[in-house]
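What TrEMBL says about this one:
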{"type": "BINDING", "residues": "Arg43", "note": "L-glutamate binding site"}
{"type": "BINDING", "residues": "Ala77, Ser78, Trp103, Thr153, Asp173, Gln196, Asn238, Thr239", "note": "pyridoxal 5'-phosphate binding site"}
{"type": "DOMAIN", "residues": "6-341", "note": "domain 'Aminotransferase class V'"}
{"type": "MOD_RES", "residues": "Lys197", "note": "N6-(pyridoxal phosphate)lysine"}
Amino acid sequence: MTKRAYNFNAGPAALPLEVLRQAQEEFVDYKGAGMSIMEMSHRSKAFEGVNDNTERLVRELLGVPDGYSVMLLQGGASTQFAMVPMNLLADGKTAAYVNSGSWAKKAIKEAKLIGETRVVASSEDARFTRMPDLAAVELPDNAAYLHLTSNETIEGTQLASFPNTGAVPLIADMSSDIMSRPLDIPSFGMIYAGAQKNLGPSGVTLVIVRDDLLEASRPGVPTMLRYDTHAKSKSLYNTPPSFAVYMVGLVLEWIRDKGGLEGIDRLNREKTGLIYSAIDGSGGFYRGVAESGSRSLMNVTFRLTSEELEKKFIQESEQAGFVGLKGHRDVGGLRASTYNAVPLESCQALAEFMAEFQRQNG
Ligand SMILES: *Cc1c(COP(=O)(O)O)cnc(C)c1O
């Protein structure tokens, strides 16, 4: 048995051990082809099967209806920050954005380079310790879309529910909570997510777009940056990140075997419940960063009473086999990323470590 770390990395992040083992088994000789996935033509029957399987599982698990295209692109979610307005922000329209934290800010910055952009809700005045209230959000009359970030990976906040935007397409960056809970796809115009938090290795980005939006793509956008290019060619317009697409397929099979999104959601609640309980039961020794209604089930952010103690916590946690608990460099503190593939045992171990650390330092 190889010793596995208690991996709380924020991304790239933990992958299911079962998936790594299966990939290892198929690594040198994929299903009798005499070569690995990485050595195959992306036009081969075998790779076409892999590509189709990944797309089919996305549709099955998320319940993506007809009338939506599923794409597997490159460039990360960061490229989507630009592709969204390049394709969907028509002249004379205004792009509406929710400013919920570090990732939302980056999306807004790119939209401003492309066209008229307005922030319609923000929690910056609360230092992003909560998600903005979107119940009564007002959109410009000429809104092209409303863009939001469902889970702010750095601050550790998550939207518990999504606003009804009527005829205005709702677009969500779900990079850090895609496939972590059931989702109503028809209420979205578009969803995108880099794979390296909840779906697989880095290198591939999942994009789901309603077809009427694809068709309204702005003219003059370069071929590789157009959604319709990739939708029409089943994400095989150019050479895809074939190994990453294969790995995402294996992770999706693993999610299906865990009871789909409902099963995963239950497990995620149990996992983060252990860590939030350790925080809330500590009598102020640990302090959660996010307000209770905005707490993330993917990134648990917390602080200790001094930065010195936080340093000690990180140091001793590393000695005890924990990885990735240091908060993002922009915000400090501590962060446990508890994505789908992080096992319950890692969260149990962390809750126990936290209690023990408090006993010795409280
Ligand atoms: C990680 C992350 C991104 C950036 O993803 P890249 O694939 O590195 O471009 C964007 N948005 C959110 C919410 C993220 O967590």
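Glycine too: its Cβ is placed from the backbone N, Cα and C atoms.
Because TrEMBL annotations are produced automatically, they should be read as predictions rather than curated entries.
Shown on the structure are the features that TrEMBL records.
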residue	record	contacts (Cβ under 8 Å, 6+ apart)
Arg43	L-glutamate binding site	Leu236
Ala77	pyridoxal 5'-phosphate binding site	Trp103, Asp173, Ser175, Tyr192, Ala193, Gly194, Thr205
Ser78	pyridoxal 5'-phosphate binding site	Lys106, Gly194
Thr153	pyridoxal 5'-phosphate binding site	Ala10, Gly11, Ser102, Trp103, Ser175, Ser176, Lys197, Met298, Asn299, His328, Ser337
Gln196	pyridoxal 5'-phosphate binding site	Gly11, Pro12, Ala13, Ser202, Gly203
Asn238	pyridoxal 5'-phosphate binding site	Met224
Thr239	pyridoxal 5'-phosphate binding site	His42
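A mean pLDDT of 97 is what the model gives for the domain 'Aminotransferase class V' (6-341). If you draw a 10 Å sphere around the CB of Lys197 (N6-(pyridoxal phosphate)lysine), it holds 30 other CB atoms from the protein chains shown. All protein chains included, Asp173 (pyridoxal 5'-phosphate binding site) registers 29 other Cβ atoms within 10 Å of its own Cβ.
All chains included, 20 other C-beta atoms sit within 10 angstroms of the C-beta of Trp103 (pyridoxal 5'-phosphate binding site). Residues Ala77, Ser78, Trp103, Thr153, Asp173, Gln196, Asn238, Thr239 are listed as the pyridoxal 5'-phosphate binders, and the farthest two of them sit 31 Å apart at their Cα atoms. In this structure, Asp173 (pyridoxal 5'-phosphate binding site) is part of a beta strand by DSSP. For ligand 1, no neighbouring binding-site residues occur among Arg43, Asn238, Thr239, by Cβ distance under 6 Å.
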